[in-house]
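Just below is one structure, and these are the notes that go with it.
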Amino acid sequence: MSTLRLLISDSYDPWFNLAVEECIFRQMPATQRVLFLWRNADTVVIGRAQNPWKECNTRRMEEDNVRLARRSSGGGAVFHDLGNTCFTFMAGKPEYDKTISTSIVLNALNALGVSAEASGRNDLVVKTAEGDRKVSGSAYRETKDRGFHHGTLLLNADLSRLANYLNPDKKKLAAKGITSVRSRVTNLTELLPGITHEQVCEAITKAFFAHYGERVEAEIISPDKTPDLPNFAETFARQSSWEWNFGQAPAFSHLLDERFSWGGVELHFDVEKGHITRAQVFTDSLNPAPLEALTGRLQGGLYRADMLQQECEALLVDFPDQEKELRELSTWIAGAVR
């Protein structure tokens with residue numbers, strides 16, 4: 001029986017693809033070598049230890065229906081669209097070796113006519129007249145008996161959108177967590193006009209088979225053709241949850257300030273695991289009572305725009321005469337934390 005396994009996803013759902021990756025990694029025999037090929041529709045994927053409010057323009061992502069997905073590996077934030085090809089190599093130890101998977105990708109690119117080289121810890125670059133340009137970034141995860149290397153290849157990604165979503169608003173965040181390093185990037189279509197996802201997948205597959213001297217049939221997976229993966233439903237539920245994608249952010253503080261016609265407001269939040277652990281308000285409003293009441297309501301709550309807005313509007317019962325102020329405050333807070 002072959003020790004290789006080849007899976008190709010026809011789903012563009014990042015939560016589905018990352019859940020499949022997680023299940024296969026957890027349950028694969030330690031003797032197996034796996035190649036998983038996939039791609040995501042509009043998504044910002046962040047590293048396991050990153051803060052989405054710090055890394056991403058979360059407001060613009062929500063407006064443009066761009067998903068957030070936290071992966072289980074470390075590293076920085078990346079924007080995925082259908083112009084990216086994603087790959088994952090998995091193997092048991094001691095055979096797991098990220099230099100092997102890197103060489104497979106480099107061999108695939110070479111077969112397509114692109115001369116690339118490894119750079120730093122996790123990038124592949126090509127040399128251009130303007131200098132080195134990144135075409136691939138990777139991240140890694142290891143456990144006691146296995147490891148994986150996953151990454152992306154830029155085929156025809158919309159690089160302008162990359163800048164839109166990975167440049168966060170200038171919020172006053174004093175945050176822990178890993179900050180992404182921005183690199184100069186280029187698309188493979190600049191070097192190979194017309195290159196497709198299918199061609200790149202075929203080249204990586206051939207290089208994978210050539211390295212191990214074996215061939216296997218591809219398993220095509222989708223939400224309708226999920227392979228036999230125990231606990232997949234639970235893994236997908238976790239991967240797609242707010243608690244995982246946002247709530248796992250490292251502790252941070254957020255300062256919001258605004259001046260309204262009725263006074264200036266400064267709100268200080270301390271947030272841990274997506275929950276507000278401390279809320280303070282400072283204001284020169286002639287009627288600060290609603291704001292003081294708000295901080296008490298927010299303590300311990302989720303740091304989510306809809307929840308903050310809900311708590312603001314709940315104060316209308318106790319402070320009906322301040323309806324105008326509370327509605328203005330509600331709209332502002334909801335927009336400021338997205």
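Using the three backbone atoms N, Cα and C, a Cβ is placed for every residue, glycine included.
Straight from Swiss-Prot, the features:
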type	residues	note
BINDING	Arg71, Gly76, Ala77, Val78, Phe79, Lys134	ATP binding site
BINDING	Lys134	(R)-lipoate binding site
DOMAIN	29-216	domain 'BPL/LPL catalytic'
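Positions of Swiss-Prot features highlighted on the structure.
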residue: Arg71; record: ATP binding site; Cβ neighbours (10 Å): 20
residue: Gly76; record: ATP binding site; Cβ neighbours (10 Å): 19
residue: Ala77; record: ATP binding site; Cβ neighbours (10 Å): 24
residue: Val78; record: ATP binding site; Cβ neighbours (10 Å): 26
residue: Phe79; record: ATP binding site; Cβ neighbours (10 Å): 24
residue: Lys134; record: ATP binding site; Cβ neighbours (10 Å): 19
Assigned conformation of Phe79 (ATP binding site) - DSSP reduced to three states: strand
